[in-house]
Amino acid sequence: MADKKGSNSEKLLYCSFCGKSQHEVKKLIAGPSVFICDECIDLCNEIIRDEAAAAGVEASLSRSDLPSPQEIRDILDQYVIGQERAKKILAVAVYNHYKRLKHLDKKDDVELSKSNILLIGPTGSGKTLLAQTLARLLNVPFVIADATTLTEAGYVGEDVENIIQKLLQNCNYEVDKAQRGIVYIDEIDKISRKSDNPSITRDVSGEGVQQALLKLVEGTMASVPPQGGRKHPNQDFIQVDTTNILFICGGAFDGLEKVITDRTEKTGIGFGASVKSKQERDAGEVLRETEPEDLIKFGLIPELIGRLPVVATLGKLDEAALMKILVEPKNALVKQYHKLFAMERVELEIRPAALQAVARKAIRRKTGARGLRSIIEQALLDVMYELPTMKGVSKVIIDENVIDGDGKPLLIYEDTPKVAGSN
């Protein structure tokens, strides 16, 4: 009933859906013999939005909308500088994976297996950014997990199922969406076993975690606790099938190039033997020759390597690549700082020599692209601290001396240039 008589004989109106009176809600909208309140309208809009978003994910993965490998590569180029071979390998692997999902419902004699991906490359070479960009491009749930925090079930640390729990959180616990997501497991090299022989002692954060990851990566029905954390006997679990989740594992694998070099450059003895320094070859070039036996010798178990059939290697970024990373991508660091200063109505100019100094410093620190922001932050700290309270500044100029710590930013006022911090 949409209306009732009040004690003062005036007609009191009620929402036909939730039963709240007109005094309990902000607005009551009338229809033919029915009323609906603003709260119910908001709830309906939310339901429609969620269903539209779910339909959007399905539509985005349909064959007609699934970008081709070349289109995936072109989009990766907008965000990631260099690493051309790795981008091509990833584009093909991701395209084939979601093309396979599109045809799951079709009955066929040939069953297509999942091809998970292993990314090998130094810190700051773009492994995580590549995975993040792929997930954003495909509009699928995405989560980053740190392998170093994982332990075997029953020990202090995170169970491997917690990775899937985080994936569920990222898509509001919609199981169907989570089952088509992407999981990036970082620092996979840090859980290598201590020797290439099977362990006879318990290694709960190394080989034990690799064993725990096996079924998850290959495809299993994972029992996920809804609120995360450890499992409890009286707890209800969410069942998630990981068969169609794409797993991308990444790691720096420091020392792997030595393992590969020892295998490929077995020199002879005598006057005819070729004497060649192992340092002559670029590390990225060496890593491209990675074979499963090298990864086993490094400390990954053969079973896990077999479940990561697509291997993409990334090389170290040189000075020219780091300078491009600073200015060329859509969300390049220099563009971000230009925007920050523009909010203060100040123009920021970072001169080419300063960009070169930033790149050189990142190479010295061996942090790759990941260390670029901290270098610029350090150089701009004083001027960003003082700028909001300064009057009349129209432009800030950064040269190489500022980056090297030998000078201060040049501030351009209406007519007279001044140095930051000078009176």
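Even glycines carry a Cβ here, placed using N, Cα and C.
Positions annotated as Zn(2+) binding site by Swiss-Prot: C15, C18, C37, C40. According to Swiss-Prot, the ATP binding site annotation covers P122, T123, G124, S125, G126, K127, T128, L129, on the basis of sequence analysis. What Swiss-Prot records for 3-56 is domain 'ClpX-type ZB'.
Structure with Swiss-Prot features highlighted.
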residue: C18; record: Zn(2+) binding site; contacts (Cβ under 8 Å, 6+ apart): C37, E39, C40
residue: P122; record: ATP binding site; contacts (Cβ under 8 Å, 6+ apart): A252, D254, A283, L314, G315, K316, K366, G368
residue: T123; record: ATP binding site; contacts (Cβ under 8 Å, 6+ apart): A252, K366, T367, G368, R370
residue: G124; record: ATP binding site; contacts (Cβ under 8 Å, 6+ apart): L317, A362, T367, G368, A369, R370, G371
residue: S125; record: ATP binding site; contacts (Cβ under 8 Å, 6+ apart): Q83, L314, G315, K316, L317, G368, A369
residue: G126; record: ATP binding site; contacts (Cβ under 8 Å, 6+ apart): V80, I81, G82, Q83, A86, L314, L317, A369
residue: K127; record: ATP binding site; contacts (Cβ under 8 Å, 6+ apart): L119, G121, D186, G250, L314
residue: L129; record: ATP binding site; contacts (Cβ under 8 Å, 6+ apart): Y79, V80, A369
Let me know the DSSP-derived helix, strand or coil state of G124 (ATP binding site), please.
coil
Non-site residues, in chain order, whose CB comes within 8 A of the mean position of the CB atoms of P122, T123, G124, S125, G126, K127, T128, L129 at ATP:
G121, G250, L314, G368, A369, R370
Using the Cβ centroid of C15, C18, C37, C40 as the reference point for the Zn(2+) site, which residues of the same chain not in that list have Cβ within 8 Å?
S16, F17, G19, K20, V25, L28, F35, I36, D38, E39, I41
Taking each of the binding-site residues C15, C37, C40 in turn and counting other Cβ atoms within 10 Å of its Cβ, which one has the fewest?
C40
Could you tally the C-beta atoms, other than its own, that fall within 10 angstroms of the C-beta of T128 (ATP binding site)?
16
Integer Å distance between the CA atoms belonging to C15 (Zn(2+) binding site) and T128 (ATP binding site):
50
